[in-house]
Structure formats: C-alpha cells, structure tokens
Amino acid sequence: MAPGVVASAATDSGLNHLLDPRKTWYNNKRLIALNGWIFLLLITSSTNGYDGSMMNGLQSLSQWQDYFNHPSPSQLGLLNAIQNIGALAAYPFAPYLSDGIGRRPTIFIGALIMCIATALQGASQSEGMFVGARFMIGFGLTFAANAAPMLVSEISYPRYRAQLTATYNSLWYSGAIIAAWTTFGTFKINSTWAWRIPSILQGLPSVAQVLLIFFVPESPRYLLSKGKNEQALDVLAYYHADGNRDDPLVQYEFNEIKTAIEYDRTVAANVGWKSLFNTPGNRKRMRIIIAIAFFSQWSGNGLASYYLNQILNDIDIKDSTTQLLINGILAIWNLICALIASSLVERLGRRFMFLLSGIGMLVFFTSQTIAFAQFEINGHPAAAHSVIAFIFLYYACYDIAFTPLIVAYTVEILPYPLRAKGFNIFNFTISLALIFNQYANPIALAAIQWKYYIVYCCWIAFECVFLYLYVVETKNLSLEETAAIFDGEEATKEILGQGLHAAGKHDSDVKHSGSVDEVEHHVGTLEKV
C-alpha cells in the first residue's frame, strides 16, 4: 500500500445519521447499565498491568529478594517470562472457546483460573510454587483477554465503541498503579506479607468477573453466528434503542452484522486459520496486526516496564523508597496519558496517532539514550535526572497510540469469523515478543548497559517507516464497515447496502436511508482506500 493511500475519506459511517444526538452515555439508563457491564470487561486488562508493575515492585523489596535468595538476571528473566509462557500454552484453545461457547463463558473460565492462581501465588512456599502460580495466571489470562476486548467492541453503543475499546488497553495502567502503590505501602512490613499481599490482590478483578460476568449481555455477533437471530435483535434493541426492535439504528446494525457474517462465510470464505493469509485483504490485515504487536513490546518500553529498578540502580538511584515512588508516579502518568488518547481516537484518527506516537518515541528514547550515556561516561547527577524525565516523556508518546490503539485497531479491522483467531495471533505475537524481552533485557542491560538502548533507537526508526507505509485510517466507521475496507468494492457494497436498506425500510423519514444515492456515497468514500 502506497504511503498516504488511506481511508481518510471514509469518515462517515452509514449509521452515523441514525444515532439520536440527544442520547448520551450519562442520560440514558440502559446505556449507563451497558457501560457499567463494559467496565467489568475492561478491568481484564488491569490484571495484566498489575503483573508487570508488581514484579517491578517486588524486585525492590528486600523481603522478596531474601525469600527467593536474590534471583540472578536469568532467574529474574524466568520469573517475569513465565506468565507469558503460560499464555502461550493457552493460545491454541482460546479462540475456539470464544467462538464456540461464547465470549462470556470464556471470560468466566479465564477469571476462575486466575482466582485460583493468584491465591497460590500469594501462598507460595518456594520459587517453584511461585513460578507455577504465575504460569497459571498467564494461562487463565489468555482466555479472558481473548474474549473481553472483542465483547467490548461488539456490544458497545456505536457512538462510543472506539473510545471504549481503546480504553481497554489503557486500563492496563490502572492495574499497574494499584500494584505500584500496594508494594510501596507494604514494603515496610517486616515479613513475607510485604510481597504476599500484592500477590494476592492481583486476583481482585478476576473475582469480580467470576461473580458478575453472566449479567453482561452476550455479543449479538456471536448470537447471529449461531443462528440465534431473535436473541441478537433483543440485545441490540434493549441496549441501543430502549427496547424498540424496529428502530432504524437497530435494523441497520442487525442487517449489517448478519450480511457481513454471511458474506465472510460464503463469498470471502473467511473460515479457519488458513484463511487469515489466503486473500490480499487478510494478508494486509495480518501484516499490520503482527507488526503492531511486535512494535508494542519492542519499542524500548519493556525496559522500564519490567526492569525499572535495574535502570535506576544503573543511574545511582538505589533507595527503595525512591524507586517505588518513581514506579508509582510513572503508572499514574501513563494512565492519564492513555485515557486522554483513548478519548481522541475518533477525532484525531488512528493513522495520525500511530505516526505521532512513533516519531515522539524515537525523539525521546534517543534523548534518554544520550542522557544515560552521559551519566555512564561523566557521572553527572543532572544526566541521571534527565534519564528519568525522558522516560516520562517517552511514555507520554508511547501512550498516544501503542497503549489505546493496538487492541482497538486489531479488533476492528478483523471480520467477525476471523476476529477471535486473528486477535489470538496478535496476543500470541505479543507473548513471543515479551518472552524474548524478559529473557534478553536483564542480561543485555547488565552486560552493555546504555549501549543496549542504541538497538531500540534503530528499531523505533524502522517502526516509523512501517507505520507511514501501511497503517490504514478507520475512524468513524462501524465494525463491519471497517473490516470491509480491506476486502474491496464488492464487500463494501454488499454490507453497507444491506444495512442502509434495512434502516430505510423501517423509517421512511430517515434522510436518504436505503436510497441508491446513499449507498453510492458511502461506498464511494470507502473505495478511496
């Protein structure tokens, strides 16, 4: 795809004019209830964020270090990486559960496993028990993390879908904040409870999901894929139109989803793992998805995420209280930046945010490298303080796109029949990247210190070029329209046309709904991709 050839013209979804401008998230009881259930799904990401920050914090606790006999760099690599090794073990099963038994039961199974695992982690009597518990956390998290963001995107009210799905990954930092400040609060406990309390608290989001997940509505797309048309229509009507099954918006969504699923089954033949790479459209999707998954972990962020205490030791900031404070403040900073970015995804657009994020990361990671080198060479305290400042500025840029958008963008560009499998490949790729990072980073940092940063400077520069060449703009489109822009003219006409026809049939007063002119207008904008 040539640079600049993006869907920037595709800024008007076929359903935008069907949305009631008076209906907002704060003045409609059913939308308030729906967003409450969505929040229960969003906190899945908190469990993952909690883990990285907790492991950072535990490494600063003498009680944890003493109990596990001061782990060597390679042992630290295993303790951090084992969660992702557990995740790898679950990947072959996660999409089959999400598509087979539904999004909600899959989340329940994952949350239940994590509840048991975090209890074992907190009760660990040996390094082997701690490692085994963390393996189980990763195993359970895979099921919940596969289904939860898809369910968020599939049940959200159209006006808020992009922002809510972007918030999913942003709440990674809410878990990080709780972990950072919990370890800060417990580090003065002169017993093993200094690390056992943070270990047990990691399970709180999972406990809430086990208790409440079946109150959350099931995905209309899942229901339609299983032939449960009436149930799907009921869910859309109840939450998106106050129970009115004949509302033009509901009819548009229902028929667009139904047509897209049927099109992918019969025309595009989007069935099975092989189909992820069978067509030009799917190959474009997978190229982007695999790339941004690697980029999200190989942009230097893995250094401060898991080994901040080692970096701080290298710049002569060795006081445990100071290290824990920096860890806690950094988590709050990241959450604020990520949530602001999540709220802007439909205004600024995905492509612009990815490019701004990549360029900003390159500038500030390079600056961080220079400051680190100056400290190592000259030992100036000002250089050490600059390293900390540039870490914060780097993360502000990372949070523009690589926190809020990587999950949201992956989910929205995949058609429904491939969504669970494609999203599984995204998560699998992240786990591979993390395992490499978690083994390689502590060893490389110990061996060559600031020079290791140069590798990431070069890699981030490559990322910027890739993002400029291949990222496609998708703002202000429905899930089905977004997926269709990769599949060409036939798909867009078929899917968009059916939705507009159904909406117009149920409300003759809707402006242009169902008319040939309306279909041609929307297809024309999408074709500019």
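Every residue gets a Cβ built from N, Cα and C, even glycine.
The domain 'Major facilitator superfamily (MFS) profile' annotation in TrEMBL covers 37-475.
TrEMBL lists 504-529 with the feature region 'Disordered'.
Feature annotation from TrEMBL assigns transmembrane segment to 31-50 (among others). If you look at the transmembrane segment (31-50), the same-chain residues 6 or more away from its ends with a CB under 8 A from one of its CBs are 23-25, 107, 114, 137, 141, 144-145, 148-149, 151-152, 155-157, 160, 164, 167-176, 178-179, 201-203, 205-206, 208-209, 212-213, 215-217, 239.
Sequence annotations record features per position, and here TrEMBL assigns transmembrane segment to 106-123 (among others).
The transmembrane segment feature in TrEMBL is assigned to 129-149 (among others).
The transmembrane segment feature in TrEMBL is assigned to 170-187 (among others).
Feature annotation from TrEMBL assigns transmembrane segment to 288-308 (among others).
Residues annotated as transmembrane segment in TrEMBL: 324-345 (among others). Outside the transmembrane segment (324-345) by six or more residues, the chain places 53, 56-57, 60, 162-163, 166-167, 169-174, 176-177, 179-181, 183-184, 187, 304, 308-309, 312, 317, 353, 388, 391-392, 395-396, 399-401, 403-405, 408, 475 with a CB less than 8 A from a CB of the stretch.
Long-range neighbours of the transmembrane segment (352-375) within the same chain, counting only residues 6 or more positions beyond its ends whose Cβ lies under 8 Å from a Cβ of the stretch, are 292, 299-300, 314-316, 341, 344-345, 383-384, 386-387, 390-391, 393-394, 396-402, 405, 449-451, 453-454, 456-457, 460-461, 463-464, 467-468, 471, 473. The transmembrane segment annotation in TrEMBL covers 352-375 (among others).
Positions annotated as transmembrane segment by TrEMBL: 387-411 (among others). Same-chain residues lying 6+ beyond the ends of the transmembrane segment (387-411) with a Cβ under 8 Å from its Cβ atoms: 149-150, 153, 162, 165-170, 172-173, 288-289, 292-293, 295-296, 299-301, 304, 311, 315, 317, 326, 330, 333-334, 337-338, 341-342, 345, 350, 353-354, 356-361, 363-365, 367-368, 371-372, 375, 419, 422-423, 426, 474, 479.
Listed as Cβ neighbours of the transmembrane segment (423-440) (distance under 8 Å, sequence separation of 6 or more from its ends, same chain) are residues 74, 77-78, 80-81, 84-85, 87-88, 91, 94-95, 142, 145-146, 149-150, 276, 286, 289-290, 293-294, 296-298, 302, 306, 406-407, 410-411, 414. What TrEMBL lists as transmembrane segment is 423-440 (among others).
Sequence-distant contacts of the transmembrane segment (452-471) (same chain, at least 6 residues past either end, Cβ-Cβ under 8 Å): 1-3, 6, 284, 287-288, 291, 295, 298-300, 303, 350-351, 354-355, 358-359, 361-362, 365-366, 368-369, 372, 441, 444-445. The transmembrane segment annotation in TrEMBL covers 452-471 (among others).
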Key: Chain residues outside the transmembrane segment (170-187) and at least six past its termini with a C-beta under 8 angstroms from it   = 42-43, 45-54, 56-58, 60-61, 63, 193-195, 197-198, 201-202, 205, 320-321, 324-325, 327-328, 330-332, 334-335, 338-339, 341-342, 399, 403-404
